[in-house]
């Protein structure tokens, strides 16, 4: 934030701009240091000075006199250029940066962590990455992941497609963690990929010495050179800086607001782990697409609007009626338990059926599969043509329905797509192993 | 005090103090975990790595960079209930602890400082592992104060409020182990200006600051206060000596550091005269020493881990350094020792240099071959390091840097205080660029009215308080001093306020001695609230129990037995005066003959009989008076 109104007048009167060394004199105290930009949470009468010791203090200008000591020396981030050290011996890996914590820097304008790095900056701040591959870095967006949209997923899929088409042996996507699993899931349906597409991020921003970004990034590069040709989420497996999990992109979920090991595979275990620059397959009996198995294909037609609605005691059918009224292309319900809705929802669900809007049901339990045959309310949902999708997690059902409704208007075809395992997003059998271990 | 060894004034000696004191708030600075250490076995272990990053000014701090070169890995010990995700760097910090802010405002006011308008929490990069985040959270709360000394006022430049670091437990499998219990304990950091010129003045300021700190809610005991000394002479450089424990050692420490700087200045002059230089090439001389008799080098070359981590003997050439590496610069420490300390930071065990060879099994012949290989002639010298190749290489890089500084003069450094008054290299002085803003913690706007209110109710300094209570309550110097030093003067005064007629000495000595003894014997003295103690002393004031019996009641109170119950259980109640009189009459009647024979000489045996009978439940003075009267009456 810049200084405004009376603060601006106060500074302008002495011809002072951000970066100048100034002395501020008050009745009984004076401060000398560099004028910093104003964080938005600071008091309206306060200017921020960085003293010689490196400390910032906020000084109220009430009764203060200011004097300029030294002209403008605006601080800026400058990194040494990195020699990319291209070589035929190494794999070609593209890093696409979308913003988020893995690629962020302190923005002292607002005092917040901002996704301000370009992918190239990221590479320069992490020069050791060039040891792993011929790195081609590219910033496609610069947004916080809560601002991701299906339109941006479509664009991302196209970028990935182009990179692979241009010869990338693997693609790494730097992404904010909040909605990483939505993007991963959407990409898994839009792309048939012959190479790994690895999405990664950080829970501690990359401006910190303790950031998980570095291990996540290097592990992702290692994963992108492996033979697991799927959309993967690569993040810390545990709270330790020892190894990362490679989670199937449409099976993982952010399960903790702040821990490094926030991403967990639901209803399966991670496909593999990356430890000491080595990919270790977790369970050889779990199938995955191998490198080169699928020919490269892009199908990024997504429907315009799909809703994700949670069922809870007290929920009313107004929600569903509104989506029907607004012409949504589909609705995913996060049902209770095995996949249930309260009785008062049925009129609206019938309306959706009459309007030819697919209604998919998942479970807010996350773990386990839906089964609408056990209780009468489930059987009633089946009569209303609601589409149960087994052990698919709600977020994946949401992205898949966007994709399915982008492929067809025919509700039977959509049902068939939704209930067919396309990219490992669902399974007919569930192991005891695949539940929270406590 | 002996005469100073040096003319400090002429040398332009300047000193400053930096004191870190743990505050005794309920919870930690940035999370609500208990503000205390624990000796329990760790319940959770975390393995982490750190790497330096850029600050908002785009520079990497030199101290942080050097630490990263060591490529250290860290193990953190954590607990289910004693620590939380914040200390583990797994959750953003909570807002600043305002109790700690208030304690700091009291300190600021006692040091005549100006409190800032807005407190901004900063991140100070520290990547030695002592902070899980790789930075210490810290901020400036007040500036520009002073304390008075007999040498004149000393400026207090800043008062910082910051989090304490994790507690270093030891090393395990090449990893440094830290415990998270200490991480986040609030610390006040007091920095004086570096304008003290006499070691005695520094001592006095340290004492004064100690008094000020102890008048507020600060932690007491080992490790709760840490003192650093900044020191420089005109032609030397600023050196920060960390962890000066013993104030009495300060003059020796100053002397040794001045001696060190003078020697380094002298060495640099000689090196400049000789046109000395340090070659940056690092030579592999493993082959030259593969058949050496030196056990140290042989054991490294033959190391069984050689396959995984290759070892080597590496050497560098220092032009014009001969004779100076072996020169003593502090009692028992040579320039070579300093080189070695720099090398050791990179994980090697030590180094050999020209001035000490041949020795340690390295023969003159081997020295000659090394000299030949490195083209060592005249005043040239070499340094060799044996160890894991990468570590040895990094170590020599550090030695090269230190040797280059030796040509220029005294390098700015952070050094560690040793018990013998010497110091040892820790790291370069940190630069301002290690600071950047902590974005996870909102700015705290300091309410000026609140500061004024705090300043109007400042606590008494301990020595003033001691003088006052000694006089006001007619206590001995020992009791007054113990009350103040044990931080129990307030408790004493609260009890006195409610029981103004109760004997002050009795209250004070029970607080200082009785309760201390019970605590030592593992009684839970934390149960002794002020109101409970008032209730107990009131029993004495109301003449219900004899003064000597309070110990029993206090002891019971530690075990949740109420004072009344205790009096009943232990049968402590004083006897009624009539009962006493009757009993004494009885004794007199039984001993009437003795009284008539021995007159007042019967006093003592009768007193003995009476007191045995009352078993402490009668006031001695009263019994004595009654017997005396009865003897007088019955003498004739």
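Cβ from N, Cα, C; glycine included.
Where the annotation comes from TrEMBL, it is an automatic prediction and has not been curated.
Feature list (source: TrEMBL):
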- A:16-69: domain 'GatD N-terminal' (DOMAIN)
- A:92-285: domain 'L-asparaginase N-terminal' (DOMAIN)
- A:101: active site (ACT_SITE)
- A:177: active site (ACT_SITE)
- A:178: active site (ACT_SITE)
- A:254: active site (ACT_SITE)
- A:305-418: domain 'Asparaginase/glutaminase C-terminal' (DOMAIN)
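Other Cβ atoms within 10 Å of the Cβ of residue A:178 (active site) number 18 in total over all chains. Shown are the active-site residues A:177, A:254; of these, the residue with the fewest other Cβ atoms within 10 Å is A:254. Under DSSP, the residues of the domain 'Asparaginase/glutaminase C-terminal' (A:305-418) split into helix, strand and coil as follows: 50 helix, 20 strand, 44 coil.
Straight-line distance linking the Cα atoms of residue A:254 (active site) and residue A:178 (active site), rounded to a whole number, equals 7 Å.
DSSP labels the residues of the domain 'GatD N-terminal' (A:16-69) in these numbers: 0 helix, 28 strand, 26 coil.
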